[in-house]
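Colleague: Below you will find the structure I want to go over with you.
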Amino acid sequence: MKLFPLFADLQGRRVVVVGGGEVAARKAQVLLEAGADVQVGAPALAPELAGLAAEGRIRHLPGEFRAEWLDDAWLVVAATDDRAVNAAVSRAAAQRRVFSNVVDDAELSSFQVPSIVDRSPLIVAISSSGVAPVLARRLRERVESLFDHSLGALAGLAARYRPRIRERRPDLKQRRRFYDWLLDGPVAGLLRQQQPAEAERVLNDALDAPEDASQGSVVLVGAGPGDPGLLTLKALRALNEADVILYDRLVSPAVLALARRDAERVAVGKRPGEDHDATQARIHALLAEHARAGRRVVRLKGGDAFIFGRGGEELEYLRAQGVRYEVVPGITAALACAAYAGIPLTHRDHAQSVRLVTAHCREDEDSLDWPGLAREHQTLAFYMGVGQLETLSARLIGHGRSGATPFALIENGSRPEQRVVTGQLADLAGVARSHEVRAPALLIVGEVAGLARQLHWFGAYQEGRREPLAA
Ligand code: SAH
């Protein structure tokens, strides 16, 4: 470790800033926020510093740098654009055992100022030991996005209630569980929704309850179509906090890789020989079992959980079982595939509405409004296996949609191996066969599908040929 991290209490302590320009002003500001007694030494002060001096918030030490300025200082920051002056500051500081920071000069500095994420009283400080400030800034951005702004309020609340929590939960294990509940449960949620009074009421109720109310919970998370960049910040947070993740076959490995390292990952897709209802019942039981054991469960589904994802059924079950839950929406395949194929789902000239449809082309399960679906000036997005295309195009054409209507099949939408295959509705099944389109694939039917030809920007693009006619 090249640098030892520490958090300094500067309340009322003298800190000298050498330099009177903009950088010095920025440094003086932060030091004032930390309650330091700031003195700024420079022949002249930039307007912002002059203002602070006039208000009496800082003291101006006029003239060229003098070593005596540092006599009563705890820290010094050199922010001049003259390296010789900065070096003199650094030397004088070393002689007096005063820590010095020379802005943007790791070599002359005996302390560095980290990049920070401020959720006071919680502060995350990041350092690259002065060698890669860009990297430190990057990391800061990531950390910034991981921690909600309500975290400061949560930490403040936890601090205020610490004595009462200790009194009401004397047992260490119980107390730990209570803190977990406090940080992950409804109190944190209410603070995020900016309802501090309600949050405090829930906290009080929980403290007064004799039994520990800190049971587990389930977050139903939409993982999007595959590109991990399409996760929401909330989904990322849930993945970072999960104890166990129950995921579907459609969830991409790149998304799973972002989850907490030691979270247990359980694939719950359909097993060979198992029917859909049996799979679903098994998943329900697993969800409830893990939550009852006090775990934070993430139920991770491809796309959005409420679009052909049976998310509703899972919530009904959890509600009946009294298990707490939350829902985080995801980007559904139709939106992602359209975006990544350059197909605007609505368009002033071509389509005024869009329908998300799942087609069961089996006669007995087919309750779709085919005449409605066959109407013009609308876009259809079909979620389904690729085995049903023959029936599908026949029905649409049979109910009046033109055989010349453009379609686009998007295979592995948003993933590195994405492929878009386009053609005309009458040729749909033949094109899919000759191009060997495989699941997962989404079908878009409507004039807008033809725009992929000009607007596609990601992955492979192929224009469908009919299968050569058998001789
Ligand atoms: N809940 C999911 C849909 C589940 S149904 C969502 O909101 O996206 C499964 C169907 O979704 C697949 O048969 C396929 O038609 C479509 N699908 C899901 N992910 C896809 C992807 N990355 N590329 C293309 N189609 C996809």
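Placement of Cβ uses the backbone N, Cα and C atoms for every residue, glycine included.
Sharing the record's features from TrEMBL:
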type: REGION; residues: 1-203; note: region 'Precorrin-2 dehydrogenase / sirohydrochlorin ferrochelatase'
type: BINDING; residues: GLU22, VAL23, PRO43, ALA44; note: NAD(+) binding site
type: DOMAIN; residues: 120-145; note: domain 'Siroheme synthase central'
type: MOD_RES; residues: SER128; note: phosphoserine
type: DOMAIN; residues: 150-207; note: domain 'Sirohaem synthase dimerisation'
type: REGION; residues: 216-471; note: region 'Uroporphyrinogen-III C-methyltransferase'
type: DOMAIN; residues: 218-429; note: domain 'Tetrapyrrole methylase'
type: BINDING; residues: PRO225, GLY302, GLY303, ASP304, ILE307, THR332, ALA333, MET384, GLY413; note: S-adenosyl-L-methionine binding site
type: ACT_SITE; residues: ASP248; note: active site, proton acceptor
type: ACT_SITE; residues: LYS270; note: active site, proton donor
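I'd like to know what surrounds each of these features in this structure.
Modeller: Computed over the region 'Precorrin-2 dehydrogenase / sirohydrochlorin ferrochelatase' (1-203), the whole-number mean pLDDT of the model equals 92.
All protein chains shown were included, and the count of other CB atoms within 10 Å of the CB of VAL23 (NAD(+) binding site) stands at 18.
If one looks beyond the domain 'Siroheme synthase central' (120-145) by at least 6 residues along the same chain, the residues whose Cβ comes under 8 Å of a Cβ in the stretch are 2-3, 5, 7, 106, 109, 112, 114, 151-152, 155-156, 159, 233, 236.
SER128 (phosphoserine) falls outside any helix or strand according to DSSP and counts as coil.
Shown in sequence order, PRO225, GLY302, GLY303, ILE307, ALA381, TYR383, GLY413, PRO440, LEU442 are the residues of the chain, 6+ apart in sequence, with a C-beta less than 8 angstroms from the C-beta of ALA333 (S-adenosyl-L-methionine binding site).
Reduced to three states, the DSSP call for ASP248 (active site, proton acceptor) is coil. Residues within less than 8 Å, Cβ to Cβ, of ASP248 (active site, proton acceptor) and separated from it by at least 6 positions along the same chain comprise ALA267, VAL268, GLY269, LEU300, LYS301, GLY302.
Long-range Cβ neighbours of LYS270 (active site, proton donor) (same chain, at least 6 residues apart, Cβ-Cβ under 8 Å): ARG249, HIS276, THR279. In this structure, LYS270 (active site, proton donor) belongs to neither helix nor strand by DSSP; it is coil.
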Colleague: Counting other Cβ atoms within 10 Å of each Cβ, which of the binding-site residues PRO43, PRO225, GLY303, GLY413 scores lowest?
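Modeller: Least crowded of the binding-site residues PRO43, PRO225, GLY303, GLY413, by Cβ count within 10 Å, is PRO43.
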Colleague: So if I measure Cβ to Cβ from SER128 (phosphoserine) and keep only same-chain residues at least 6 apart in sequence, which ones fall under 8 Å?
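Modeller: When sequence neighbours closer than 6 are ignored, SER128 (phosphoserine) has LEU135, ALA136 within Cβ distance under 8 Å.
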Colleague: Give the residue counts of the domain 'Siroheme synthase central' (120-145) per reduced DSSP state, in the order helix, strand, coil.
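Modeller: For the domain 'Siroheme synthase central' (120-145), the helix, strand and coil counts are 13 helix, 5 strand, 8 coil.
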Colleague: Please list the recorded positions from GLU22, PRO43, ALA44, SER128, ASP248, GLY413 whose Cβ falls under 6 Å of any atom in ligand 1.
Modeller: GLY413
Colleague: Given the binding-site residues ALA44, ILE307, which one is most crowded in terms of C-beta atoms within 10 angstroms?
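Modeller: Selected residue: ILE307.
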Colleague: What count of other C-beta atoms do you get within 10 angstroms of the C-beta of GLU22 (NAD(+) binding site), across all chains shown?
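Modeller: Total other Cβ atoms inside 10 Å, all chains included: 13.
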